[in-house]
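Right, one structure below, let's go through it.
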């Protein structure tokens, strides 16, 4: 028998019983003694709200299952609401109702937080409740708590990571098998790594929501979803991957949040980028996630682990649940919104980065000089050039030094205008060097 | 001007102003506005207790410096005591005095925590104070907070990591330059990575203290320092490193805390081990630290970053300071000791592991068969054997499958007794495969 400090059970309402929710319910029921010992009081599953009661009954006792989520949240004796429905509505209304009824909230809802986080924080604050959401970013990896709490005395300058498992799986398959995008996506779907409609993942919406959340926490400043530059992976070709490989690089979909050099503004972006094969992120395989955090005092930190999946995400949810329950019991509060820094978010054009550009050019003397002049005219310095000819046509591959994105795109536009340039085969960011 | 929720300043006493303490003081003074915003009230450096006041005055205003640590702690208006003196006394007495005077404590004192942690937790509990010590293990890497809080709803089965920067620097130099132990240690000393008396690091005492702390937190069960099996790196030779390299492995000093398969007991140990070059820990260079955590639901997580140094360690201290201050302000409590599981700690003999054994044997037929019989007689299964002859002498390198450490040592003892075995050149653990 585990001794606990209090015998009043903490009552938890679970909203949603899908891939993650069913694991949360299972763990709450099977590890009840451990949870009680860690919280200091029994943690009781008060009810599970679902759309289709039949499926939930496989994992939870039938008497706990209800289709009335609003009624469950409003029942008046709920200490913590675990929201795993996802999407904007009815999740938002249910979360606000939870706060209004004095409950704290644990959620994995990155879409809602990225779009409407500040208002949810404000509601939590107004009712003296907690809002925890470790599971919303990078699945099982403890990332938000370290950023919000462990690094609370440091100054974060950069967060760079792989935060979407589906796209990492697809790019990893393209890299390891030479497959094209379509084929790799089909494999990801067959193995359950991609949803029936993969848009949110492959177009970078999911990663962009996570980037907005990460930037907000890292820089103590609000970054809204529409301030995150976003590009997906649907236009990456097998030839892009091969070209990266030929230069000792691989392609990853990265979320990058940066503080400017003067510290007075920030940027947030999601796009595919070439990184060196020697970079630790290059060896992040399959659906794993990994995030680098660079801070003034701490230096460079890395966090790595499963970025999705029922049990791993449930682990993050339960960690938050223990924290929310402990606060209920001991009268403490988890961290609220910290957005005091009020830093402006600069647009993509002002991001300083590097390009890898493949051009189809005429195979004749002077073409390289002509192209090089275009780069110079736009203030873009060239790092390396590789030229290879074939039947009167030549391929020119240029990797630039760091320059503002606006200058880089203007360079590409000007190159397109040259008679000797038949086409721009690909443009890709280069990071991590 | 930063707005804070309270105008009552939180008063902090800093004990010790050395490599880490001076960085903590500097950051508290230069980032006062950020700390106030993150805590919700100004955080004030009330005093800095040192042995030699002259040196401290370089970083902190002279009027804050005192040699009377006990008086500072007992002054009655201190909210948080940051103890960075290290060692058992006077640190222990000062920490207990802090609790008795109603202050919370932030410390990096791994020696005290490993030897006397439970009594300190009890004092904190008795006075309703907090005890935070993120900086005690793996420097700047957020590791204890993730283990104590993010994984509070999970079941940790294994912690495996590089937790001592000095020894990792020495082994990394031996690996990359082919230097012997003495030469690499001299380089580490010259560069400030090793102390004048390097015993605590190179003999594994420092890592063992960290292993005791990690095991206690990971398994919710007390593990005392004398229950941690400990071997240092002083006997590692350039030839061991070369031999590891020849088999696609490298040598690292690892701290390993494991739950038994039946979940009912645990082990904790620190020793050098060969790991595959493809293992993520193999690429942890210089004085960096990295720790793997395996949990039932979360799966495999990795945390990586600077394991020591003034600024990185100060980052961890300040994160804890913000947490302790927030609790003081909001009435909450950080996690206390969680040792309810009361799992017995098994001795090294019962650890199931693998050996890499180099034998100098007579170069004649039948020797391999004779040796193989000794392994079989002790129930130890052989994974690979490599034999190489030179002038009537031969070297036999055996890597075993997993077996209890007691069976492996008994096998080695029996091999020493064979006429055909001239000597056991080296024995090393093999991990991470």
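Each Cβ is built from the backbone N, Cα and C atoms, and glycine gets one as well.
Features of the protein shown, as given by TrEMBL:
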- A:15, A:16, A:17, A:18, A:19, A:20, A:21, A:22: NADP(+) binding site (BINDING)
- A:110: NADPH binding site (BINDING)
- A:195: L-homoserine binding site (BINDING)
- A:210: active site, proton donor (ACT_SITE)
- A:356-429: domain 'ACT' (DOMAIN)
Give the sequence-ordered list of residues that share a chain with residue A:110 (NADPH binding site), lie 6 or more positions from it, and have CB atoms under 8 Å from its CB.
A:133, A:136, A:137, A:206, A:209, A:210, A:213
In three-state DSSP terms, the structure that residue A:17 (NADP(+) binding site) belongs to:
coil
Among the binding-site residues listed here, A:15, A:17, A:19, A:20, whose Cβ has the fewest other Cβ atoms inside 10 Å?
A:19
Rank the recorded positions A:16, A:18, A:195, A:210 by the number of other Cβ atoms within 10 Å of each Cβ, and give the residue at the low end.
A:195
Just to verify a number: CA distance, residue A:17 (NADP(+) binding site) to the residue listed as 'L-homoserine binding site', in angstrom, no decimals.
17
With every protein chain in view, how many other Cβ atoms are within 10 Å of the Cβ of residue A:22 (NADP(+) binding site)?
23
Looking only at the domain 'ACT' (A:356-429), what are its DSSP counts of helix, strand and coil residues?
23 helix, 35 strand, 16 coil
In angstrom units, rounded to an integer, how far apart are the Cα atoms of residue A:15 (NADP(+) binding site) and residue A:195 (L-homoserine binding site)?
21
Test of understanding: give the count of other CB atoms lying within 10 angstroms of the CB of residue A:21 (NADP(+) binding site).
28
Given the model, what does the mean pLDDT over the domain 'ACT' (A:356-429) come out as?
93
